[in-house]
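Asker: Mind having a look at this structure? Questions to follow.
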Amino acid sequence: MGEPIRVLVTGAAGQIAYSLLYSIAKGDVFGKEQPLILVLLDITPMMTVLEGVVMELQDCALPLLREVIPTDKEEVAFKDLDIAILVGSMPRREGMERKDLLKANVKIFKSQGAALDKYAKKTVKVVVVGNPANTNCLIASKSAPSIPKENFSCLTRLDHNRAKSQIALKLGVTANDVKNVIIWGNHSSTQYPDVNHAKVNVKGKEVGVYEAIKDDSWLKGDFILTVQQRGAAVIKARKLSSAMSAAKAICDHVRDIWFGTPAGEFVSMGVISDGNSYGVPEDLLYSFPVVIKDKTWKFVEGLPINDFSREKMDLTAKELAEEKETAVEFLSSA
């Protein structure tokens with residue numbers, strides 16, 4: 001067993017964290033040989049609830065978990081981190097304008113970005129989950145100038161997994177038989193789930209998804225809508241937002257950063273758009289297909305983009321540019 005790594009989860013008393021912490025602590029993300037120190041940050045009114053989470057983690061009697069540190073102080077939470085998983089954010093309340101939501105979150109992620117800059121390792125990997133995830137991630141990165149922009153990513157793996165699963169369900173195969181779906185853009189209802197480059201294993205033979213499904217109108221219509229609106233559908237049914245599936249997607253995302261992507265496969269994550277070859281404006285936190293090796297991601301290059309895709313990719317970029325503009329205005333006053 002090597003040295004323990006320090007992993008922060010924010011919003012640690014919340015329901016996504018409740019599904020996430022056990023998976024991390026038992027070795028599903030960083031491997032069965034990697035000891036961990038878990039740092040749990042939440043707001044002061046949640047500290048009693050957080051104590052209960054700490055008790056439960058202790059009661060799991062997990063061999064990899066060396067220490068659990070609950071805190072409501074950023075200087076404690078962000079110290080010497082290897083990984084920061086920023087789940088906590090201001091949730092959207094009924095009747096709340098998206099602008100109000102952005103303003104509240106700019107304040108949180110400016111503060112957390114500054115704390116990363118001041119206290120965390122410069123090699124820290126930062127994953128933003130709290131919504132609006134792309135813009136929150138951009139604000140955190142801009143507030144941490146001494147940490148490379150490439151170290152920041154936001155979660156679109158849940159959307160990626162949703163797309164993969166819809167294709168698998170339609171064809172009666174397992175999700176593992178489907179690879180290289182893409183989520184382009186914002187983690188919002190403008191995201192573009194793209195299966196033009198996806199492959200599916202049907203009876204031992206790898207074929208394109210369009211060829212396998214033979215139903216273009218479904219792929220260009222209901223499939224896209226289902227993935228875009230899946231989060232809302234879960235809330236409508238459960239009266240709570242996706243937690244189990246969100247936690248699983250976070251595990252997938254962080255594991256791939258840590259260990260790399262399998263040969264011949266790419267995944268979706270929100271990353272800084274600088275230097276992309278897909279005509280997405282610079283300085284946006286936009287979801288792209290990436291491959292990861294040695295804890296470093298690269299854009300998947302050279303995928304042909306048809307007119308249908310282009311329009312959808314531009315639409316979600318436009319939304320992100322507008323969000324960014326609003327957020328940056330708030331940033332100077334936050």
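Positions of Cβ are set from backbone N, Cα and C atoms, glycine also.
Per TrEMBL, active site, proton acceptor is recorded for His187. If you look up TrEMBL, you'll see Asp42, Asn105, Val129, Gly130, Asn131 marked as NAD(+) binding site. Taken from TrEMBL, the feature substrate binding site applies to Arg92, Arg98, Asn131, Arg162. Summarising the annotation, TrEMBL assigns domain 'Lactate/malate dehydrogenase N-terminal' to 6-152. According to TrEMBL, the feature domain 'Lactate/malate dehydrogenase C-terminal' maps to 156-330.
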Asker: Within 10 angstroms of the C-beta of Asn131 (NAD(+) binding site), what count of other C-beta atoms is obtained when all protein chains are considered?
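Answerer: I count 20 other Cβ atoms within 10 Å of it.
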Asker: Counting across all protein chains present, how many other Cβ atoms fall within 10 Å of the Cβ of His187 (active site, proton acceptor)?
Answerer: 29
Asker: If we check Cα distances from Val129 (NAD(+) binding site), which of the recorded positions Arg92, Arg98, His187 wins as closest?
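Answerer: Among Arg92, Arg98, His187, His187.
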Asker: Specify the nearest of the recorded positions Arg98, Arg162, His187 to Asn105 (NAD(+) binding site), where nearness means the distance between Cα atoms.
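Answerer: So, spelling it out, the nearest of the recorded positions is Arg98.
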Asker: Taking the residues Arg92, Arg98, Asn131, Arg162, which the record names as binding substrate, find the longest CA to CA distance and state it in Å to the nearest whole number.
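Answerer: Spelled out: the longest distance between any two Cα atoms in Arg92, Arg98, Asn131, Arg162 is 24 Å.
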Asker: What subset of the recorded positions Arg92, Arg162, His187 lies within 10 angstroms of Asn131 (NAD(+) binding site) at the C-alpha level?
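Answerer: Within 10 Å Cα-Cα: Arg92, His187.
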Asker: Give me the long-range Cβ neighbours of Gly130 (NAD(+) binding site): same chain, 6+ apart, Cβ under 8 Å, in sequence order.
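Answerer: Non-local contacts for Gly130 (NAD(+) binding site): Thr10, Gly11, Leu86, Val87, Gly88, Ser89, Met90, Asn105, Ile108, Phe109, Asn136.
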Asker: Max CA to CA distance in Å over the NAD(+)-binding set Asp42, Asn105, Val129, Gly130, Asn131?
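Answerer: With Asp42, Asn105, Val129, Gly130, Asn131 as the binding residues for NAD(+), the largest Cα distance is 16 Å.
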Asker: Could you state the whole-number distance in Å separating the C-alpha atoms of the residue listed as 'active site, proton acceptor' and Arg92 (substrate binding site)?
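Answerer: It is 15 Å, counting Cα to Cα.
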Asker: Comparing the binding-site residues Arg98, Arg162, which residue's C-beta has the most other C-beta atoms within 10 angstroms in this structure?
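Answerer: In terms of Cβ crowding, the pick is Arg162.
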Asker: Counting only other Cβ atoms and using a 10 Å cut-off, which of the binding-site residues Asp42, Arg92, Asn105 scores lowest?
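Answerer: Result for the binding-site residues Asp42, Arg92, Asn105: minimum number of other Cβ atoms within 10 Å at Arg92.
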Asker: Taking only the Cα atoms, work out how far Arg162 (substrate binding site) lies from Asp42 (NAD(+) binding site), in Å, as a whole number.
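Answerer: It is 28 Å, counting Cα to Cα.
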Asker: For the domain 'Lactate/malate dehydrogenase N-terminal' (6-152), what is the mean per-residue pLDDT, to the nearest integer?
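Answerer: Across the domain 'Lactate/malate dehydrogenase N-terminal' (6-152), the average pLDDT comes out at 96.
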